[in-house]
Amino acid sequence: MKLLGLSLLAVTILLCCNMARPEIKKKNVFSKPGYCPEYRVPCPFVLIPKCRRDKGCKDALKCCFFYCQMRCVDPWESPE
């Protein structure tokens, strides 16, 4: 019983430390200008992503969910 209580205390302390310093998790958030294209396409399944963030795309391309997959696409200038 003491081991369970000690484990819960340790987990609580670790979670509090993580919440007290959120800047560590999102240190270098990088987003390219423009908006992701929005097309309503029904996806029966999601394909393996070709990118994870804008930083992984060449030139002015953005990493967006497009045709059931995260991929590098030309961004829109406005959201409309």
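Yeah, the Cβs are placed from backbone N, Cα and C, and that goes for glycine too.
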Swiss-Prot annotation, disulfide partner of Cys51 among Cys43, Cys63: Cys63
Disulfide-bonded cysteine for Cys43 as listed in Swiss-Prot, from Cys16, Cys17, Cys68, Cys72: Cys68
Same chain, 6+ residues apart, C-beta under 8 Å of the C-beta of Cys68 (disulfide bond), given in sequence order: Val41, Cys43, Pro44, Phe45, Val46, Leu47
Between Cys36 (disulfide bond) and Cys51 (disulfide bond), the C-alpha gap once rounded to whole angstrom: 14
Disulfide-bonded residues compared (Cys36, Cys43, Cys64) - the one with the fewest other Cβ atoms within 10 Å: Cys43
Under 8 Å by Cβ from Cys72 (disulfide bond), same chain, sequence gap 6 or more: Lys50, Cys51, Gly56, Cys57, Lys58, Leu61, Lys62, Cys63, Cys64
Neighbour tally for Cys63 (disulfide bond), based on other Cβ positions within 10 Å of its Cβ: 22
